[in-house]
Amino acid sequence: MVEGFSLSLMFLLVSHFFVSGVMSRNFTIENKCDYTVWPGFLTMTTAVSLPTNGFSLKKGESRVINVPPSWSGRLWGRSFCSTSSTGNFSCATGDCGSGKIECSDSGARPPTTLIDFTLDATDGQDFYDVSVVDGYNLPLVVVPQRLGSGRTCSNVGCVVNLNKTCPSELKVMGSSNKEHPIACMNACQKFGLPEFCCYGEYGKPAKCQPTLYSTNFKNECPLAYSYAYDNENNTFRCSNSPNYVITFCPNDISSMSQPSKETNGGTKQKSSWKLKLIVGVSAALTLMILIVVVIIVRTKNMRNSEWNDQNVEAVAMLKRYSYTRVKKMTNSFAHVLGKGGFGTVYKGKLADSGRDVAVKILKVSEGNGEEFINEVASMSRTSHVNIVSLLGFCYEKNKRAIIYEFMPNGSLDKYISANMSTKMEWERLYDVAVGISRGLEYLHNRCVTRIVHFDIKPQNILMDENLCPKISDFGLAKLCKNKESIISMLHMRGTFGYIAPEMFSKNFGAVSHKSDVYSYGMVVLEMIGAKNIEKVEYSGSNNGSMYFPEWVYKDFEKGEITRIFGDSITDEEEKIAKKLVLVALWCIQMNPSDRPPMIKVIEMLEGNLEALQVPPNPLLFSPEETVPDTLEDSDDTSTFFNPSHFERGTLLDSEDVLQHGSRSS
């Protein structure tokens, strides 16, 4: 009797064990990368453990890990790992800090692409997701393997190489190959702001909104978590106790398909007529959509044609040149002045007057050529001593060119570069700063239509024969009707290092002409820093990693002027330098409403130093960069003067400078 009861109880327990799905699983880990990957595991549940917490997978290898019931944890891939002469194991990305291949229950150091699992949770379901909240290092995909009948569970992953599209200031470069990034940081890790990290007053979902950076991640990997309060639907569920295949560097995106098949025979027959109905309706809708699209495209092409043939010339009110004449004036494009994202700039000469000109030939682009229209429409409305003059244009189908006055002394960055043996004197720097401010004030207030430049940087400030500064390159400019104060932006514009914080996140405020004010302030600070780079570099180890504007503010506040301006500065030069610092610090206030308009900037520059107040500290953080120990030779630093901080390329492929002498950004 007892034996029969024991057998029955055992049968019930075993039956429950299998029916409820509480059984061990197999995780098959595959490496399809062109290099070795070291998978790592972190177990969250104390009652269960894995047979290994880390191992090596060479190219093309795979390994099956038996995962116990109710396991909860995460896994990731480590890359570019090595063992030191003392036996310490470390990885450039995803390192868990254990000093060996096994991770010893320690997590991954960001930036790392993460997979989270909770097995046998609510109603016996598995929960799993992929996250780039802590940054990104490797593409991967999770594919559930169905057991028995039922619905096929969803694949999830991030199969795109985000390292290629990573914003330049978030890239982590390898120590051996400094041309190709090996990981992409998240904005919180890079900047440390509450807006990016979702803490403090931004610690609630309603307050912490997606930023430009998290949106970039989301667009590339829509099924992955991109920031702390991302859509909860990115957590996927699966029943029927499946096994899982995790693949690093999957071969194609087809592995991300999400089938949902019913395997019950009766259901197949019942749904066959529904399938035919759906196919028929879909075909009819597709045909209707195609017809509508064709009509829209043809209408748009007709409008574009009208614009191409008539409106450009009517708006610009400038001389229009044929492509043949453009080719002749540049001597068949013989003398290259500079190259950039929008095209190439050549030196030319007008046939009728013999005047030297700069000719920008725009790259062939899809659409209506927004950058061309921006530049022609903007500059045709300007006439100011501190704005480069537009002399004519060419518009022949996909051949587009803009003819400017020639600037023999190149761009401002040439004169404030750390490599220059002689620097501009303080009086000249002051004149340049005033000239730029007058040009911006003219664009913002005294044009028929307000123009916001959105790409103020030293490369876009050209110097004439008398070293008078002239604002150039209006490819990213925006014309504002009725001098509107708030501008609607679909995409961020500008060059990293000079872009106002409200361009990154609406948590800082609205985008407006004050965004140009911020860029202007950063340019002035760079002029000050380049003038005294020796002092900055010799400032001591305590300030070696401090962001330069913050360093200037703290020393200025303490009255330690000589550390900023040097010992040899005269009293008159010191007044100029102080004035430039105060104005620049006012211009880079984080809140746009705290920045002065350009007309006020001119008053501050031309007024008495004693009338200027010291602004609040404009910087809430120091954009220091966390680099793994194995990347100590990396070029990426947080120093203000490192070229990686003021990136020379623009987010929207902004044109480089039109300058004398061949130079590429």
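Here the Cβ of each residue, glycine as well, is placed from N, Cα and C on the backbone.
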Next item on the list: Run through Asn163, Asn419 and tell me the one Swiss-Prot describes as N-linked glycosylation site.
Entry: Asn163
Margin query: If you follow Swiss-Prot, the disulfide involving Cys249 connects it to which of the following: Cys33, Cys447, Cys468, Cys480?
Written below: Cys33
Note to self: Under Swiss-Prot's annotation, the disulfide partner of Cys184 is which of Cys166, Cys188, Cys197, Cys198?
What the structure shows: Cys166
Check: Which residue, chosen from Asn233, Asn543, is annotated N-linked glycosylation site in Swiss-Prot?
Finding: Asn233
Next item on the list: Quick one: which of Cys81, Cys96 does Swiss-Prot link to Cys91 by a disulfide?
Entry: Cys81
Next item on the list: Average the pLDDT scores across the topological domain 'Extracellular' (25-276) and report the rounded value.
Entry: 83
Check: Which one is closest to Cys166 (disulfide bond) in space, judged by CA to CA distance, out of the recorded positions Leu337, Lys339, Gly343, Val345, Asp455?
Finding: Asp455
Check: What is the total of other Cβ atoms whose distance to the Cβ of Leu337 (ATP binding site) is within 10 Å?
Finding: 23
Item checked: Protein Cβ atoms within 10 Å of Cys208 (disulfide bond), excluding its own -> 23
Check: Could you state the CA-to-CA distance between Asp455 (active site, proton acceptor) and Cys184 (disulfide bond) to the nearest Å?
Finding: 24
Margin query: On a simple 10 Å Cβ count over all chains shown, which one of the disulfide-bonded residues Cys188, Cys238 is most densely packed?
Written below: Cys188
